[in-house]
């Protein structure tokens, strides 16, 4: 007849428990029956960690009884008042304008523009892609329009990365100029 024992509770003494001392085994069954109701807690001193855990469990039980919730908090469903009301959620739709925006405030981005600087898509065919010649012409027009003539102007010689040749020839073995003598030993 085993009772369900909580993990953190101190086990009680039962008649099924056998003493380790053989001299104590000679105790009569009447003595065991008298001790059956007693707790081993009288001889057992719990560790400070066990005492702390037991206090936390008791506080949790009292808190759950105060709130009227039974069972573990994980199994509880969320309360409906935790969800924001639908009327408080502002979901922008197409054509949405903020109600609290005053008429003197300008939006950050103007979406409707009729400027001539817009890219003209009518020049390109709708079949997927344009020919390479048409793209090349468009690039040249854009470069000329922006003031760049990169293909027509040759590179500046001052920008070459190859250093210019020196006026005085040098000897590779001792780095001496023509005015000094170079002696190989």
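The backbone N, Cα and C atoms fix where each Cβ goes, and this holds for glycine too.
Among the candidates 69, 122, 126, 131, the residue that Swiss-Prot annotates as phosphoserine is 122.
Of the candidates 115, 125, 130, Swiss-Prot records phosphoserine for 115; the remaining residues carry no such annotation there, which does not rule it out for them. Looking up 113, 170, 177 in Swiss-Prot, the residue bearing an annotation of phosphothreonine is 113. According to DSSP, the secondary structure content of the compositional bias 'Basic and acidic residues' (52-61) in residues is 10 helix, 0 strand, 0 coil. With a 10 A radius on its CB, residue 47 (phosphoserine) counts 8 other CB atoms from all the protein chains.
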